[in-house]
Amino acid sequence: MDHFARVSLVAALLYTNTWAKTVRETLRITWEEGAPNGQQRELIYINGRFPGPNLVWDEDDDVEVTVINDMTQSVTVHWHGLDQRPIQPGDSFVHKFKAFPPGNHWYHSHQKMSLVDGLYGAVHVRPKGDRKGLWSQISQDDKDIEAMEKAACDPEYLVVSDWSQYTSDEYWKISNDSGLPVFCLDSILVNGKGEVYCPGQKFLQGELAPGVLDAFPPGTEVSDKGCFSPALDRIKGGPWNMTERPDLIPPHVETGCVASRHENETIVVDPGRNNGWVSMHIVAAATIAQIAISFDSHKFWLYEVDGNYVNPREYFSAIISAGETFSIMMKLDQEPGRYTVRIPNTGASQVFSAFAEMVYKGHEENDKKLGEARLSYGGVPTSPEIKNNSYFPWKLDTDHMSPWPPSTPRPGNADEEHLLVLGRVGSPNNHTMNAKYLYPLGFRDEEPLLFYPNATLGTENEGLLLRTRNASWVDLIMQVSTLAGDEVAFKHFIHKHGGKTWRIGFGTGVWNYSSVQEAIQARPNDFNLETPGFRDTWITAPSASGEKHWSVLRYYVDNPGPWLLHCHIELHLMGGMGMVIMDGVDAWPDQLPEQYRLGKRL
């Protein structure tokens, strides 16, 4: 979500902002007991609620958010654009920025794995521009166009997260102590509500997506929680020079499902408003899961991805990966009543699901459910028609949803090219963004690069950085499945702070070209510079049998600052899959305002 990319701390010093209204918010963060899926554990509350409040602003508002940390551990609230030291227990910090760009965004923690503990919420920046050209692609009717604009400015919010009965510290300790990639979860939550389902091992085995078992030895089965064993060679990779301790994985983490009934989210929609149109902003506040979403007997138009408008396309279901945001528009044209919203995990990590209900206004007391399912419990489309009209991030014809209004990168060569080799190194839980370097999450916490940009020069830590020049075009070439022990690779959800990128290339094999231009000439069908997608989170291809893949991301440096590039799977980021891009470092100011400093030591 480079949701406030153009209002970074550095950019704020370089550009003059126009006057706008000032909006002030306060977020008080506490650590309390809760049971969002019916099972008790400690978690993070924001202003006494989980997840945090939806924050709604108008484009170009001057926003001031005071974050008060009433926990006993340090924390950050991350707007994908601010660089600061963690907020210590008992301290506070005031974030100041322009509400830009318009669209569907979110906020969350970037301190260790505390996203796992519940620090997240939705952000909506209402636009001031005219979007008739967007809605007219859905309907030519003037009433519909006006109604969709109103619906988009007053959407329903669906914050979808995965959930474990273990805190982030406990979960990471289990992975480290066992030496295995533990990724089994308990629930998927919608707006902080959900249950734990235990339909039985045989049922879950039958819900595996077609082709998944082909990647495993014959006879491989999932557990009664729908998880593959982390000790499988296809899961842990390697061989690694280390000792595995599966006996240190506690009961009920991978096996031993314990069901609990609680409460699922109910979304009340009104077909009498906005000519029957409703908009929904969906935030994938997940830590591991790659979820799908469908609404029984309803179709929807996907019109925004990662806070950027796209030329709308109509789907029965859509898959959204950790860290992404989608906005959809739906016509409430079915029989009034109660419909199931299905939110299954679709990745190979686990077979589990969640449900919510969409209820037409006036039918809240009607318990009868209407409609036909679009997805199975395991996320498999229920018919060829559903499959052929669903959004899949690994299919280029759907994944490359072109921006609206049109936005294209410079053709030909970029000014700078950087080859990044992603994967595991040394153990199942060590992940790198650039061949060997592991990014520690506490890197430069006490002396942030924003204040000390030259601190790593001449040291090995310079390998954790890229430096770019302002007003330059940059290509990031990402190679997967080539590191020893990581030939069979899990997908990664790669997110760049500070600005979006166009994915101009996506192909198989080992990248062995001297330049992107040479690759374009050799493999023109693997590149798209005319209508490429434009977003801040991209999915790398998984490798079930050792096939190699690469992607090329292009962007223009117009937002100077120290920006994190990382995998949005929390276990991968915690294991080192991150680096800092020092964009436009030649344009950074010599002096920073005192209010950007947190603590007296900076």
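Yeah, the Cβs are placed from backbone N, Cα and C, and that goes for glycine too.
Here Swiss-Prot flags His78, His495 as Cu cation 1 binding site, drawing on similarity to another entry. Annotation source Swiss-Prot lists Cu cation 2 binding site at His80, His108, His568, citing similarity to another entry. What Swiss-Prot lists as Cu cation 3 binding site is His110, His497, His566, and the listing cites similarity to another entry. Residues or ranges marked as Cu cation 4 binding site by Swiss-Prot: His492, His495, Cys567, His572. Taken from Swiss-Prot, the feature domain 'Plastocyanin-like 1' applies to 30-128, supported by sequence analysis. Annotation source Swiss-Prot lists domain 'Plastocyanin-like 2' at 157-345. The domain 'Plastocyanin-like 3' annotation in Swiss-Prot covers 461-584. The annotation N-linked glycosylation site is assigned in Swiss-Prot to Asn176, Asn241, Asn264, Asn388, Asn430, Asn454, Asn470, Asn512. The signal peptide feature in Swiss-Prot is assigned to 1-20; the stated evidence is sequence analysis.
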Coarse DSSP state, helix versus strand versus coil, of Cys567 (Cu cation 4 binding site):
strand
Nearest of the binding-site residues to Asn241 (N-linked glycosylation site) by CA-CA distance, picking from His110, His492, His572?
His572
Using Cα positions only, nearest of the binding-site residues to Asn264 (N-linked glycosylation site) (His492, His495, His568, His572)
His568
On a C-alpha basis, identify the one among Asn470, His566, Cys567 that is nearest to Asn388 (N-linked glycosylation site); the candidates are the recorded positions.
Cys567
Over the span of the domain 'Plastocyanin-like 3' (461-584), how high is the average pLDDT in this prediction?
95
The recorded positions listed are His78, His110, Asn454, His497, His566; by CA-CA distance, the one closest to His572 (Cu cation 4 binding site) is His566
List which of the recorded positions Asn454, Asn470, His566, Cys567 have their Cα within 10 Å of the Cα of His495 (Cu cation 1 binding site), in sequence order.
His566, Cys567
In this structure, which of the glycosylation sites Asn176, Asn264, Asn430 has the fewest other Cβ atoms within 10 Å of its Cβ?
Asn176
Where His108 (Cu cation 2 binding site) and Asn454 (N-linked glycosylation site) are concerned, what is their Cα separation in Å, rounded?
28
Would you please pick out, from the binding-site residues His110, His495, His566, the one with the fewest other Cβ atoms within 10 Å of its Cβ?
His110
Taking Cα atoms as reference points, which of the glycosylation sites Asn176, Asn430, Asn470 is nearest to His568 (Cu cation 2 binding site)?
Asn430
